[in-house]
Amino acid sequence: MKLLHGLALVFLLAAASCKADEEITCEENEPFTCSNTDILSSKNFGKDFIFGVASSAYQIEGGRGRGVNVWDGFSHRYPEKSGSDLKNGDTSCESYTRWKKDVEIMGELNATGYRFSFAWSRIVPKGKVSRGVDQAGLDYYHNLIDALLEKNITPFVTLFHWDLPQTLQDEYEGFLDRQIIQDFKDYADLCFKEFGGKVKNWITINQLYTVPTRGYALGTDAPGRCSPKVDTKQRCYGGNSSTEPYIVAHNQLLAHAAIVDLYRTNYAFQNGKIGPVMITRWFLPYDESDPACIEAAERMNQFFHGWYMEPLTKGRYPDIMRQIVGSRLPNFTEAEAELVAGSYDFLGLNYYVTQYAKPKPNPYPSETHTALMDAGVDLTFNNSRGEYPGPVFAEDANSYYYPKGIYYVMDYFKTKYNNPLIYITENGISTPGSESRCEAIADYKRINYLCSHLCFLRKVIREKGVNIRGYFAWALGDNYEFCKGFTVRFGLSYVNWDDLDDRNLKESGKWYQRFINGTAKNPVKQDFLRSSLSSQSQKKRLAC
């Protein structure tokens, strides 16, 4: 009888557990109560799922001890483009000398992974390995990696996070020339030899889409090339916004594939994995009842995601791109197509926001045309009814976020690209850099962003079977933000720009810590954040 009673109790507990699991709901919009956090924790993602944080070299290291890169050149030449505060990455978090504090904070978070990048010009100051390697740069990364491994934090290393050595840009315009393939390959070969015994997860290029579009179509990012009439203030040092983005993207894919082939051919014995990182967005029809808007959203998917994913899976560009772009779109030779197709063990996907899509005439050819116009799509953050997809993402950019977008993007990649192994390599939100220390630390907006996206991430894994193995919050700490300087903060830890040794977990960092530990609790509710309490009263309640 006791045995039967015991079995019945076990059954009831199991049933209750399953029921609780099935009843997980995710809020799509404010208020994000995150009421499901008692069952939404790291424990619900599997014991081998990696939860970490991310950063990049130019944004955190500072310029000490390395060669000049294109962001140095760009930010000094066009300071107004590098941030409205006219700041740059010359001095940022100074992680080059304060990396021990970074590792200490990751240990405090109980993070199990850290995605960071090598500064190419810190290891190879003049761009080409044949011109010399800086031992101090190698030692810096060895020390960092060793410290991570001591704390059981898995390193994910990005080889190129947009900071190309300036010498290669000066000599042959960087990714505009195929010479970059060999130089990138030589640099990667050095890194595999030097660090491959410790690093088992390699990323070739961060956000393949970004450098071609922002660096060569709009000129808003390094190296700052565009057609003369695209930047009316004449702040591009040359370029063709209609053709160069496609050439740069093509050479990036060829360089990526060459490096993956090198790793698989010469370093398979290291038992690691390698892949690229994509920036992703979800595109909703501006008017869901209008077939033209539905078609525009899918066309945008092809120009935004398919531009890289079709070559990486099939060895060719999307049919719609070949049809619209025509001769401006390079072709792969048969050998190149074979090399590019399948050149990844995993995909890193960065996700931040969702936008609405509606058709817009493509003005090509014209003096103000850019490759971004070829899709013939106008992107907005409001739909035909004037509705926004979710809460404010960045006040200065009038942008909004949509947590369920991460669900749709992951399902899209699973369905369209044969359910690849995926890591979420960036996901986060900015807060104003003008906030006081107390306001910056009490970042409940970031908690709501993180927990709402993690909820939908778990939901898509469970409901759709998407093969996601890790999540990296952006960012480890406040840092220099490309094109915004220090006017925004993305960190889970606070950095005092007047005293760089002053670094502490924000409320979001403490929440993420509890989430990783499996003890996450509800964040402070939105109604408190919007309450009529005076600023002093709020500070007192928050113990600032």
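Positions of Cβ are set from backbone N, Cα and C atoms, glycine also.
What Swiss-Prot records for the substrate site is Gln59, His161, Glu426, Glu481, and among Asn110, Asn206, Asn382 the residue it adds there is Asn206. Looking up Asn152, Asn240 in Swiss-Prot for N-linked glycosylation site, the annotated residue turns out to be Asn240. The disulfide bond recorded by Swiss-Prot for Cys26 reaches one of Cys451, Cys455, Cys483; that cysteine is Cys455. Apart from Gln59, His161, Asn206, Glu426, Glu481, the residues listed for substrate, the same chain places the Cβ atoms of Ala54, Ser55, Ser56, Tyr58, Ser117, Trp162, Gln207, Trp474, Ala475, Phe482 within 8 Å of the centroid of those Cβ atoms. Annotated pair His161 (substrate binding site) and Cys26 (disulfide bond), C-alpha to C-alpha distance, rounded: 33 Å. The Cβ neighbour count for Cys455 (disulfide bond), using a 10 Å radius and every protein chain shown, is 23. The most densely surrounded of the binding-site residues His76, His161, Arg281 is His161 (count of other Cβ atoms within 10 A of its Cβ). Spatially, by CA atoms, the recorded positions Asn110, Glu426, Cys451, Cys455 include one closest to Cys226 (disulfide bond), and that is Glu426.
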